[in-house]
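Take a look at what Swiss-Prot says about it:
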ACT_SITE  Asp72  active site, proton acceptor
ACT_SITE  Asp141  active site, for ring-opening step
ACT_SITE  His143  active site, proton acceptor
ACT_SITE  Glu148  active site, for ring-opening step
SITE      Ser151  site 'Part of the allosteric site'
SITE      Arg158  site 'Part of the allosteric site'
SITE      Lys160  site 'Part of the allosteric site'
SITE      Thr161  site 'Part of the allosteric site'
SITE      Tyr254  site 'Part of the allosteric site'
Amino acid sequence: MRLIIRPTYEDISKWAANHVAQKINEFSPTKENPFILGLPTGSSPIGMYKNLIELNKNKKISFQNVITFNMDEYIGIEENHPESYHSFMWNNFFSHIDIKKENINILNGNASNLKKECEEYEKKIKSFGGIMLFVGGIGPDGHIAFNEPGSSLTSRTRIKTLTQDTIIANSRFFEGDVNKVPKNALTVGIGTIMDSQEVLIIVNGHNKARALKHAIEKGVNHMWTISALQLHKNAIIVSDKNATYELKVGTVEYFNDIERKNFNNDLK
């Protein structure tokens with residue numbers, strides 16, 4: 001696993017955006033051979049999305065031949081609800097770039113058969129040969145997507161009950177009212193994410209420091225689902241300084257030393 005540590009959230013957002021753009025550009029996608037990109041929601045990737053929008057406006061990256069799969073969606077709220085993940089993605093990213101609507105895939109939390117919706121999502125990912133780069137964030141308890149503590153590390157796309165901690169954390173998007181937050185969601189599984197060719201996780205803030213410690217310095221543990229990345233052959237965590245405060249000094253120095261040449265990844 002690689003750990004890229006940069007001073008601020010703005011720095012890691014720029015780094016993540018540049019990394020995504022570089023991967024797409026290196027692949028040189030076409031209509032017949034598209035790039036398959038996994039995407040997250042939440043506060044962590046917003047800065048990355050802003051940077052990718054600018055790169056797209058400046059014609060340094062195109063999304064015309066990129067197919068996206070989002071990580072998750074709430075169950076029981078309409079797609080046009082202001083806090084649905086459909087709305088989040090269109091408001092914060094898709095409506096600002098040159099992606100084709102038919103290339104966007106987001107789970108339908110109002111499907112008549114939710115189990116079938118999850119199964120079909122997995123099949124569609126496999127039909128494209130799998131996800132090439134899956135970008136994600138984590139919660140303070142180390143969850144990826146809605147794979148809460150205790151989730152199977154081989155889990156697939158499924159229905160998931162949200163923990164009270166996640167409901168409280170997400171209430172900030174629902175006028176601070178926990179009663180307005182959906183209690184269930186559809187989410188890709190840890191196994192789904194681990195099948196990707198590459199995983200990039202954005203970690204920022206003091207409240208993520210304990211989760212980062214479990215990801216980097218502790219063993220693989222289903223109570224900290226982020227720790228599964230230790231088993232991935234091509235995983236990167238990009239973290240701001242605030243999120244590293246529970247890591248050992250030697251750990252931080254080690255990763256800073258071996259990744260120093262990769263701190264600046266600006267597009268040429």
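Just so you know, glycine gets a Cβ as well, placed from its N, Cα and C.
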If you draw a 10 Å sphere around the Cβ of Thr161 (site 'Part of the allosteric site'), how many other Cβ atoms fall inside it, taking every protein chain shown into account?
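For Thr161 (site 'Part of the allosteric site'), the 10 Å Cβ neighbour count is 12.
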Specify the nearest of the active-site residues Asp72, Asp141, His143 to Ser151 (site 'Part of the allosteric site'), where nearness means the distance between Cα atoms.
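Of the active-site residues Asp72, Asp141, His143, His143 has its Cα closest to that of Ser151 (site 'Part of the allosteric site').
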For Asp141 (active site, for ring-opening step), find which of the recorded positions Asp72, Arg158, Thr161, Tyr254 come within 10 Å, Cα to Cα.
none
Under DSSP, is Tyr254 (site 'Part of the allosteric site') part of a helix or a strand, or is it coil?
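For Tyr254 (site 'Part of the allosteric site') - judged by DSSP and reduced to three states - the answer is helix.
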For a quick check of packing: other C-beta atoms within 10 Å of the C-beta of Glu148 (active site, for ring-opening step), how many?
21
